[in-house]
Amino acid sequence: MATLLRSKLSNVATSVSNKSQAKMSGMFARMGFQAATDEEAVGFAHCDDLDMEHRQGLQMDILKSDGGEEGGEQPLEGDIHYQRDGTGPLPPSASKEAGVCSELSGQGKPKITAWEAGWNVTNAIQGMFVLGLPYAILHGGYLGLFLIIFAAVVCCYTGKILIACLYEENEDGEIVRVRDSYVDIANACCAPRFPTLGGRIVNVAQIIELVMTCILYVVVSGNLMYNSFPNLPVSQKSWSIIATAVLLPCAFLKNLKAVSKFSLLCTLAHFVINILVIAYCLSRARDWAWDKVKFYIDVKKFPISIGIIVFSYTSQIFLPSLEGNMQNPKEFHCMMNWTHIAACILKGLFALVAYLTWADETKEVITDNLPSTIRAVVNIFLVAKALLSYPLPFFAAVEVLERSLFQDGNRAFFPNCYGGDGRLKSWGLTLRCALVVFTLLMAIYVPHFALLMGLTGSLTGAGLCFLLPSLFHLKLLWRKLLWHHVFFDVAIFVIGGICSVSGFIHSLEGLIEAFRTNAED
């Protein structure tokens, strides 16, 4: 047996060495650097499921081989295949990948420090959509600034309680990690009556957020290019079509290795752009309109601002994977504190300084307020970042859709979109192209950055960051919670629900009105 195991380990190690380049993006995902590739950190959502597959794949392959080669009793199907949610085997290709990856992660899996984890969270909540925050101050005044602080505090707290739901106390009184992902937590809350319902709800929310993020990238690309070159005879819709033509090859993506090479550079470039905007605003400090910032709200548009602020803080979907890959998970709480404090300060300063500079003329995307000489350069960099960031949420959305609808064993709704040789079938490629075209159509008919961002934040952002974590915390750990934790959870659930419904209704009304206007034009 020992010889057999050593032989297996040697063979798999050789295979990993030969395929190290092809596994680049997967390694980044497990190390926690996938989130650094994009402010929304969408890759981690897919990484959660893969993490469990990687950890189980080797053990399941060894059990299967031992049973066959030693002549012993064949293991049950549930022992051969890792079952993501308790029923149904993984696809053969996924099991193969899991076996290889678990070899890599089983003994020498790289872990990330608290600083590296903080970098990932910072990229998730300090991303490109910060450009919409000054518009939120326009409709909320000082209350908008308060909400930036309040959202940071609540999202920090719900991130911590979400991680607490991953752990339970064993028979010896030790706290052990019994779950690995947001989906696991959701399924545990709905068990035993509906063991997969919670996971499906989380997956639907995840898909909506990912697709809406793709749409926002197309919208912002068309908006920035149109405002950068207003003298050209090209409309914003035409710029969106051009951007989508550039993005169409995303339908052929097999992995994100090529995209990840530019990710860190894009993130650093975005921070530089934010600094440039703040520097320009500071140069006009003498003209700041302090009298325009008041304690008032625009009743019709302020709920949209709530969604914008919440959407800028969304990171909960990848936190379980991130915490599981930390060298010292005990540092997670401290990491969440300083990242959200830093985000709160930077976002508040950025939003306030930008609003003071342009006051009532503040636009949905703040860079559109810059002088034409600076605007074109800054916007071109932002468009490049948006186009390079688009493949990440698109690829993650495709993975979730394919896994849920086409590759979920006997429970799949449609035939497998991959052939026996692992190649994507032609109709599967057509569906991917259709998803790209769908993001274009939405961007053309509803080219309103703030409305789309507010709708997404009110619907999926509030759900994933406010409602579900507090609900899951109460459901799984209510017997061990102190009274003030129960109070906080209930208060967050109620306040989050009210803000979510209000923001969703107002954003939806604005989108319907905008859709009708564009349809008439």
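All positions are counted from 1 along the displayed chain.
Positions of Cβ are set from backbone N, Cα and C atoms, glycine also.
Among the features that TrEMBL reports, region 'Disordered' is placed at 64-94.
Look at TrEMBL and you will find 111-507 tagged as domain 'Amino acid transporter transmembrane'.
Taken from TrEMBL, the feature transmembrane segment applies to 143-167 (among others).
Residues annotated as transmembrane segment in TrEMBL: 207-226 (among others).
The transmembrane segment annotation in TrEMBL covers 262-282 (among others).
As annotated by TrEMBL, transmembrane segment applies to 302-322 (among others).
What TrEMBL records for 334-356 (among others) is transmembrane segment.
The transmembrane segment annotation in TrEMBL covers 376-401 (among others).
For 429-446 (among others), the entry in TrEMBL reads transmembrane segment. For the transmembrane segment (429-446), same-chain residues at least 6 beyond its ends with a Cβ under 8 Å from one of its own Cβ atoms are 211, 214-215, 218-219, 222, 237, 240-241, 244, 247-248, 250-252, 394, 397-398, 401, 417, 452, 511, 514-515, 518-519.
Annotation comment: TrEMBL describes 452-474 (among others) as transmembrane segment. Counting same-chain residues at least six beyond the ends of the transmembrane segment (452-474), those with a Cβ under 8 angstroms from any Cβ of the stretch are 129, 132, 154-155, 158-159, 161-162, 164-165, 182, 185-186, 189, 202, 205-206, 208-209, 212-213, 215-216, 219, 303-317, 442, 446, 481, 485-486, 488-490, 492-493, 495-497, 499-504, 506-508, 510-511.
Remote same-chain partners of the transmembrane segment (486-505), defined as residues 6 or more beyond its termini with a Cβ less than 8 Å from a stretch Cβ, comprise 154, 157-158, 161, 303-304, 306-307, 310, 454-455, 457-459, 462-463, 465-467, 470-471, 473-474, 478. Per TrEMBL, the feature transmembrane segment maps to 486-505 (among others).
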Segment-segment contact (the transmembrane segment (334-356); the transmembrane segment (143-167)) at 3 or more Cβ pairs under 8 Å: yes
Top partner of the transmembrane segment (376-401) among 143-167, 207-226, 302-322 - counted as Cβ pairs under 8 Å: 207-226
